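Enquirer: Following this message is one structure expressed as structure tokens.
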């Protein structure tokens, strides 16, 4: 995999029983870009996200994440069934056994990928600050004894975590609501908090699932600015699913269009706008019929 | 008057023991939504380990009570915690993605296995440990007196300490935050990089440790136990957890105290034969008025 790409999806297949949600999806995401995954309803966009983030275990194909100086195969860390060849190679056997026993979607996040959800999934019974602290658990002192005794190093780690929390609250403009319960926030605030929480895990690539859904135009504009901040100031690659075409064309460097579980077009915003296949998918044209926007 | 006060003291200690065991039920229910029927038997195992630890320590010639107490607590907590971890690993984790019912059956199976394994290895007879801490405080009230044995004071002290430390850990430390996050949305917690399997294991260990504290204290106090001792106290602690609102940590402690106090008062003032009937009737009454328990949150159907 070439170093320029942070994420490489190759021939990704996802079946639910007899339903083929994804058929051979292949695309690459460049490091430091803002990329968008678009397509009509039911095209399989969220399924791609779920496979990327370890929410689903893909049926076939490869997802390679190159972050934190190493390459991670997302399907492998979720734990795969044993293959016949494993029984001849102890090394492969133990690698698979390790991920079968200790693997799981938490390793995807630890490898440097985080996400938000279309239907917001905050910890509603915890305060805004706690939501962001939970996300930083890999960075703060992990010893339970230190926590009970409240040692100096533990307090220092907690303070640093709190500093990061308030930094991100500043970015998403939620400092005033820091001590409210996450469930009490308004819809737009909850969306922003979810993005801040995803960023607190210190990811190299963040996947946003319809971040602008349900937002009013001025909130959408603020969101667009925020996504640019993530890319320009934090060197984070952003991959988003979005239906707001104005916003997608505005901020994306690269667009992947899905329809019926297949990639029908990839490229810059201008190529996509004029691509007849994309227009047909959106407007539902017959095969071979010429449609223009 | 003196009987009421005496029963209040007895009820308080009994209640704190129920509370300690109820923590195991309520935390496990909160985090994976199952009722760990083997929890009462974990308590029973801890009683046997207490006896073994006492025998070991006496074998090495240790006679001072504080050292014996600390040593027994330490050994029992460590070994019972390991039991909790192993039980979760072999009986519940392989069933993580199957229906709740299969985990429940697995829990009942685990409970039977523990009982029979202890019966086979330790014998079916009642066992006993010697009384190590004697003496009592006496307060004269009117004509009679109220007696608090030092052992009961110790039970109160250690239970309150255990519950206090646990509340602090859950509310303030990072482990507690991870537990609460996992409880609210396990999948999301995992997507934030939390190893939820490890958190669930930790919760089982915490439950077993709390049961072990209760096991050591009650065994040292009563002196006698057998392989079946976990059943009735487990049911009572479960009642306490439901009474307080299952899934809620303060609820378990409160439920334990209410159950212990009302049971002791009923036994002292009305009839000790019907005390179990009374405590279960109390549960029925409270559940009629508040189906989610005292501190439990009612489940709101989302539309």
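Any Cβ shown, glycine's included, is placed from N, Cα and C.
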Enquirer: Among the residue ranges B:178-198, B:199-219, I'd like the one that TrEMBL describes as transmembrane segment.
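Expert: Matching range for transmembrane segment: B:199-219.
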Enquirer: Per the 3+ Cβ pairs under 8 Å rule, pairs at least 6 apart in sequence, do the transmembrane segment (B:253-271) and the transmembrane segment (B:12-35) touch?
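Expert: Yes, the stretches contact each other.
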Enquirer: May I ask which of the stretches B:150-170, B:199-219, B:225-246, B:277-296 has the most CB pairs under 8 A with the transmembrane segment (B:68-87)?
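Expert: By Cβ pairs under 8 Å, B:199-219 leads among B:150-170, B:199-219, B:225-246, B:277-296.
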Enquirer: Mind checking which residues reach the transmembrane segment (B:199-219)? Cβ under 8 Å, same chain, six or more beyond either end.
Expert: 17, 20-21, 23-25, 27-28, 31-32, 36, 39, 42-47, 49-51, 72-73, 76-77, 79-81, 83-85, 87-89, 92-93, 129, 151, 154-155, 158-159, 162, 166, 175, 178-179, 182, 189, 225, 233
Enquirer: Could you check whether the transmembrane segment (B:225-246) packs against the transmembrane segment (B:150-170) - three or more CB pairs closer than 8 Å, residues at least 6 apart in sequence?
Expert: no
